[in-house]
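Beneath this line is the structure, given in structure tokens, with notes to follow.
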Amino acid sequence: MSTTTETVTWSQYKPQETQRRLSRSSTITPSVSEYRSGFSKTAFGNIELEEIPDKQGNITRATSNLESNSYPKALDPDACPPKRSIALVLLNNLMSEMSLTIALPISAAYTEILGGTDAFSGLVIGIPTMISLVCLYPMLRFANPKSANGYTLYFRPLIVSCISQIIGHLLYSLAYRAQWLYLILIGRMCSGVGFTMFLYHKTYLTDKNFVGQNRSTFLATLNILAQILGSMAGAFLGGILAKASMHLTDPIWNQYTAGSWFMLFIWIVYSIFLSIFFKEVRVGNTATNVRKPESFTGKTAPLSFKQKFMLCFLSMAAFISIFNVAGYQTSVPIYAKALYHYNPFQSGNFLSLSSLVIAPFVFFSTFLSKWLEDRQIMLYGFMMGIVALIVHLVLDAVHKIPVQPYFVLYSIMQFGFSVGSAPLVSLATKQLHPKYHMITGVVVQVGISIGETVGSICGGAIFDITTVGFIAMNLGIALLVFIQLLYLWTFIKTKTG
């Protein structure tokens, strides 16, 4: 039996204002008992919907127009979603990154034993994000049904990511037993459906409907920190499980499949916790007479030429950042094996140690948003990445690149481009009307998906391209986006926070 409950939510909250402002809105002051019972079950599933009043305890149904480039006036600048929902989204990001990178140390050896090449290994690493790009539109339709009044139901892509990751890891693990090379690729493609969640990690943590302006950059950088920790944990577990299972002859659990089986079990446990603890923050209710926010009525000014150019720039910045990081990550086992005679375990340690080193710096960079603008964070991050690429290019060209300088340069490059790409969505949400928030997320995710796939393929073929050519290519496209950043410098000025 379904129960209809009145849900008054984020976009309708408004602090007490003057009589002139109140004349255009109706105010409801709930009792304590009403607020305590402010969780409801709806037709969207058995997911709790949280309702939180403003600091004065009032819930206001605002019907005034939103400014095209500012946060909704009804939203507290320090507002954020329920903390346990934030934790589950960040954990999903971390585990998704683990699923993406746990194959890095052993991928080349796994594909080789089944008859594949290094380039095919790069394709195995990079294909999931391309599949996520293909599945992006169906997922957008699924997460934004008509009954949601234009808002996003984040639980839907979350649970889809769990199911697809479980199936993907299962197929990847069974490829050795089947002795079929392409089952590895099919398994990774199934996992790619779950990687559509990379879009929703960004949009959830910067959603202007329930994330205040003072929180968006901070949460966006926490999202990058989760990715860094996921890269560290995935590469480390992939290497150590491969080493621990090196002498096993079991066709099911061995050095090539142990990491994938491990992630399969972790995803099963996570999906159970997700179903129990995730709380959907809903910003509208069809059962009430609340007027739909103007941000979704289509009565907003179209994007200007500079705003469109900015979106193209953000997509390209995302592409280049991830292209560099993914390309280098994929090339490390191949590059280190040729130069330093590294095995998969040592390559996994190399990747995980680098992530471990930069993780504290990424964490401290989350507080930079209090003093630095988004554009300044991007500038400093890209500058660090470019300098690391220049030094690596010179050392590689003269064939004087010991493992220690290589490790330092790789870590600086990864840190620079990771931090530089952190505020992309946050910057756009501060510049554009809330109506364009999801479009911004999609544009950035397109750049990330293409960069991940192309970068991984190029990294896997590093010796076919030549090492100097690979590094020079990374440097050239990084300089291109750096020039675009300088061109847009005055246009993308935003407040700190």
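Placed from the backbone N, Cα and C atoms, the Cβ positions cover glycine too.
What Swiss-Prot records for 1-16 is compositional bias 'Polar residues'.
If you look up Swiss-Prot, you'll see 1-29 marked as region 'Disordered'.
Here Swiss-Prot flags Ser64 (among others) as phosphoserine, drawing on experimental evidence.
Within the chain, the transmembrane segment (86-106) has long-range Cβ neighbours (under 8 A, six or more residues past its boundaries) at 80, 124-125, 128-129, 154, 158, 161, 165, 168-169, 172, 188, 191, 194-195, 197-198, 200-201, 204-205, 219, 222-223, 226-227, 229-231, 233-235, 237-239, 242, 255-256, 259-260, 262-263, 266-267, 270, 273-274, 277-278, 329-330, 332-333, 344-345, 347-348, 351. Summarising the annotation, Swiss-Prot assigns transmembrane segment to 86-106 (among others) and lists sequence analysis as the type of evidence.
With a threshold of 8 Å between CB atoms, the same-chain residues lying at least 6 positions outside the transmembrane segment (120-140) that come near it are 100, 103-104, 107-108, 110-112, 157, 160, 168, 181, 184-185, 188-189, 191-196, 198-199, 326, 329-330, 438, 442, 445-446, 448-450, 452-461. The annotation transmembrane segment is assigned in Swiss-Prot to 120-140 (among others) on the grounds of sequence analysis.
Marked as transmembrane segment by Swiss-Prot on the basis of sequence analysis: 155-175 (among others). Under 8 Å from some Cβ of the transmembrane segment (155-175) lie the Cβ atoms of residues 44-45, 47, 88-89, 92, 95-96, 99, 103, 110, 114, 128, 139, 142-143, 181, 183-184, 186-197, 199-200, 252, 257, 260-261, 263-264, 267-268, 270-271, 274-275, 278, 280, all in the same chain and six or more residues away from its ends.
Same-chain neighbours of the transmembrane segment (180-200): 89, 92-93, 96, 99-100, 103, 110-111, 114-116, 120, 123-125, 127-132, 135-136, 139, 143, 152, 154, 157-158, 160-165, 167-174, 260, 441-442, 445, 448-449, counting only residues six or more beyond its ends whose CB sits under 8 Å from a CB of the stretch. Feature annotation from Swiss-Prot assigns transmembrane segment to 180-200 (among others).
Annotated transmembrane segment per Swiss-Prot: 222-242 (among others), in sequence order. Residues 90-91, 93-106, 201-202, 205, 255-256, 258-259, 262, 329, 344-349, 351-356, 358-359, 362-363, 366, 414, 418-419, 421-422 of the same chain lie 6 or more positions beyond the ends of the transmembrane segment (222-242) yet place their CB under 8 Å from a CB of it.
Here Swiss-Prot flags 258-278 (among others) as transmembrane segment. Only residues 6 or more beyond the boundaries of the transmembrane segment (258-278), in the same chain, are considered here, and those with a CB under 8 A from a CB of the stretch are 47-48, 84-85, 88, 91-92, 95, 98-99, 102-103, 106, 155, 158-159, 162-163, 165-166, 169-170, 172-173, 187, 237-238, 241-242, 244-245, 252.
The annotation phosphoserine is assigned in Swiss-Prot to Ser295 (among others) on the grounds of experimental evidence.
The transmembrane segment annotation in Swiss-Prot covers 309-329 (among others) and rests on sequence analysis.
Under the heading transmembrane segment, Swiss-Prot lists 348-368 (among others), citing sequence analysis as support.
The annotation transmembrane segment is assigned in Swiss-Prot to 377-397 (among others).
Remote same-chain residues near the transmembrane segment (407-427) are listed as 202-203, 206, 216-217, 220-221, 223-224, 227-228, 314, 317-318, 320-322, 324-325, 328, 332, 350, 353-355, 357-358, 361-362, 365, 369, 374-375, 377-389, 391-392, 395, 440-441, 444, 478, 492, 494 (criterion: CB distance under 8 Å, separation of at least six residues from the stretch ends). Under the heading transmembrane segment, Swiss-Prot lists 407-427 (among others), citing sequence analysis as support.
The transmembrane segment feature in Swiss-Prot is assigned to 443-463 (among others). Counting residues 6+ beyond its ends, the transmembrane segment (443-463) has Cβ neighbours under 8 Å at 108, 118-123, 125-130, 132-133, 136, 195, 198-199, 202, 311-312, 314-331, 334-335, 338, 424-425, 428, 470, 473 in the same chain.
Sequence-distant contacts of the transmembrane segment (468-488) (same chain, six or more residues past either end, CB-CB distance under 8 Å): 306, 309-310, 313, 316-317, 320, 323-324, 327-328, 331, 375, 378-379, 382-383, 385-386, 389-390, 392-393, 396-397, 417, 458-459, 462. Look at Swiss-Prot and you will find 468-488 (among others) tagged as transmembrane segment, backed by sequence analysis.
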